[in-house]
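For reference, TrEMBL has these:
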- 6-28: transmembrane segment (TRANSMEM)
- 40-63: transmembrane segment (TRANSMEM)
- 69-90: transmembrane segment (TRANSMEM)
- 111-133: transmembrane segment (TRANSMEM)
- 139-161: transmembrane segment (TRANSMEM)
- 170-197: region 'Disordered' (REGION)
- 172-182: compositional bias 'Acidic residues' (COMPBIAS)
Amino acid sequence: MSDAALFVGIAEIAGVFVGFAALISVTGRDEIAPSQLAQVRAVVTIGLVVIVAALLPVALSAYGLDAPVLWRVSSGLFLVLVWVVMALALRRPENRRSARTQARRSPGLTAVFWGVLEVAIQVPLLLAVLGVVEDLARAFYTTALVVHLFEAAFVLGQLVYARMADRPGEGTVDEAPADEAPADTARPDEASEPEAT
């Protein structure tokens, strides 16, 4: 299989995302809000799906499947995996609650996630499963895989920005650090004179 190195590389990148999310959850366990915990779970889950989906055609190609069959089977399994993971995630009440909260707080980001990224993942997989333009089946699969990887990065970015926003004063220039006294900026000639009595 000529794309084995590409798919293994994508799996490695997804593994890094999973590692970052796990690190965030471990190092900030006491500080993670419920909505952020759902995002950590999402990054880990999406990353794991990408790892499995990236390695799936590599493993199946070892059985000597013809290219059309390889991409049709791989795409079908990838699509089923996406739907099963989504259904299992949304069965958890805290994940449903977090999804509703996210939709209210950031309708634009929610629209990008569900209306752009999920569509860009599932439509190419469906086209590959149905055998539409068989010559593009590999491209359809690769597109879905790369967009799914981007989806993990998208959620990880949201998580990082949410955690930064929850820390007042960090990263702003309006506030001097608490342990430093404000600098005396008055010029000597502007110093206040004692009032004459």
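Numbers run from 1 along the shown chain.
Just so you know, glycine gets a Cβ as well, placed from its N, Cα and C.
Curation plays no part in TrEMBL annotations; they are all automatic predictions.
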The transmembrane segment (139-161) touching the transmembrane segment (69-90) per 3+ Cβ pairs under 8 Å rule: yes
Beyond the flanks of the transmembrane segment (6-28) by at least 6 residues, Cβ under 8 Å: 37, 40, 43-44, 46-48, 50-51, 54-55, 57-58, 142, 145-146, 149, 152-153, 156, 159-160, 163
